[in-house]
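Straight from Swiss-Prot, the features:
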- 333-344: compositional bias 'Basic residues' (COMPBIAS)
- 353-362: compositional bias 'Polar residues' (COMPBIAS)
- 116-325: domain 'TLC' (DOMAIN)
- 325-373: region 'Disordered' (REGION)
- 2-30: topological domain 'Cytoplasmic' (TOPO_DOM)
- 52-80: topological domain 'Lumenal' (TOPO_DOM)
- 102-120: topological domain 'Cytoplasmic' (TOPO_DOM)
- 142-158: topological domain 'Lumenal' (TOPO_DOM)
- 180-194: topological domain 'Cytoplasmic' (TOPO_DOM)
- 239-248: topological domain 'Cytoplasmic' (TOPO_DOM)
- 270-291: topological domain 'Lumenal' (TOPO_DOM)
- 313-373: topological domain 'Cytoplasmic' (TOPO_DOM)
- 31-51: transmembrane segment (TRANSMEM)
- 81-101: transmembrane segment (TRANSMEM)
- 121-141: transmembrane segment (TRANSMEM)
- 159-179: transmembrane segment (TRANSMEM)
- 195-215: transmembrane segment (TRANSMEM)
- 218-238: transmembrane segment (TRANSMEM)
- 249-269: transmembrane segment (TRANSMEM)
- 292-312: transmembrane segment (TRANSMEM)
Amino acid sequence: MGIRKKSSKTPPVLSHEFIIQNHADIVSCLAMVFLLGLMFEITAKAAVMFVTLQYNVTIPVEGVLGEQASLYHYGIKDMATVFFYMLVAIILHAVIQEYILDKINRRMHFSKTKHSKFNESGQLSAFYLFSCIWGASIIVSENYFSDPISLWKGYPHTYFPFQMKFFYISQLAYWFHAFPELYFQKTKKEDIPRQLVYIGLYLFHILGAYVLNLNRLGLVLLVLHYFVEFLFHMSRLFYFSNEKYQKGFTVWALLFVLGRLLTLILCVLTVGFGLARAENQELDLSNGNFNILAIRISVLASICITQAFMMWKFINFQLRRWREHSSPQPSSQRKKTTSAKGKASRKEKENGVNGTVTSNGADSPRSRKEKHS
């Protein structure tokens, strides 16, 4: 994310700079078109498809005579709903940036490198915190903690409550909104491949859980993963404000490893044992049943490969830091390299994302001046 420089000159209409500076207003007008469409009978049917959740069904509650529950399933019309809430995510992104993060940046006087990373961590920490609270409330209300067998019991989980469907729609909308944000935030070309991989992994796993009717397992894994990621980005925010705050990274490193282990355990229990012992193991697209051996192996393989990739990046990052800090040096050079080591360790803290060093780890203008002096 680059720094958006405010100039006194108004850029030409429909130019790149004009769109970047006013993208929140443009998107707000587009979202208002859908909301205004609800007011007119001619356009109401089309507007409802974008604004409200689709595929609502009423099912009688088991064991309770005369009581019915309103549940949802997924379909092609969900793409329209995801598009509308993607617009909402772009607007909220701009609001957080302008009214919270930009004000903090002006007070802290960050370098260009720290500025972009502070914005990234600020946006993601807000999203992860909101998603954790929302997802945890669904888990508690549906009793997934007290009854973990429900993660695979009764599969396929074709129908799910309003809150769970809205949660998945919001997750997809947020990660799809990250694509245009690469343009709006003037992301550096060398950072785009890393961001595309990061966004693509989220969309791949969320869409997989949503389409394969593994929504319960996906919800639990997302909350677990988001909690660990929230700790990392909060630790990085505190580190940017004061470089003495480094204990948060130690806590994050421990929880990162535990999070990977818990993810693998839950996936093996649910997919490898729970679904493998289910009676209905035939592919039935009409009923949303994907419980066959090939799909189970594919699900486990994709999750295991992703977790192994994250751990490999994490271990390499930690080993690199450990070698740099523990490498023996002559006593005559220790005093000369003390300040250089401090700067290197600070860069590692700033550039780390999920245990990896990001590609925009170049020296900031401020640090260059210190070195030349």
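Positions of Cβ are set from backbone N, Cα and C atoms, glycine also.
Panel annotation: around the topological domain 'Lumenal' (52-80), residues 158-162, 165-166, 169, 210-211, 288 of the same chain, lying at least six beyond its termini, place a Cβ under 8 Å from a Cβ of the stretch. Here the transmembrane segment (121-141) lies next to the transmembrane segment (218-238) in space: the count of CB pairs under 8 Å, restricted to residues six or more apart, reaches at least 3. Sequence-distant contacts of the transmembrane segment (195-215) (same chain, six or more residues past either end, CB-CB distance under 8 Å): 74, 155-158, 160, 164, 168, 171-172, 175-176, 178-179, 182, 187, 221-222, 270-271, 288-290, 295, 299, 302-303, 306, 353.
For the topological domain 'Lumenal' (52-80), the model's pLDDT averages out at 88. Cβ atoms under 8 Å from those of the transmembrane segment (81-101) belong to residues 23-24, 27-28, 30-31, 34, 49-54, 118-119, 122-123, 126, 169-170, 172-174, 176-177, 180-181, 184 of the same chain, restricted to positions at least 6 beyond its ends.
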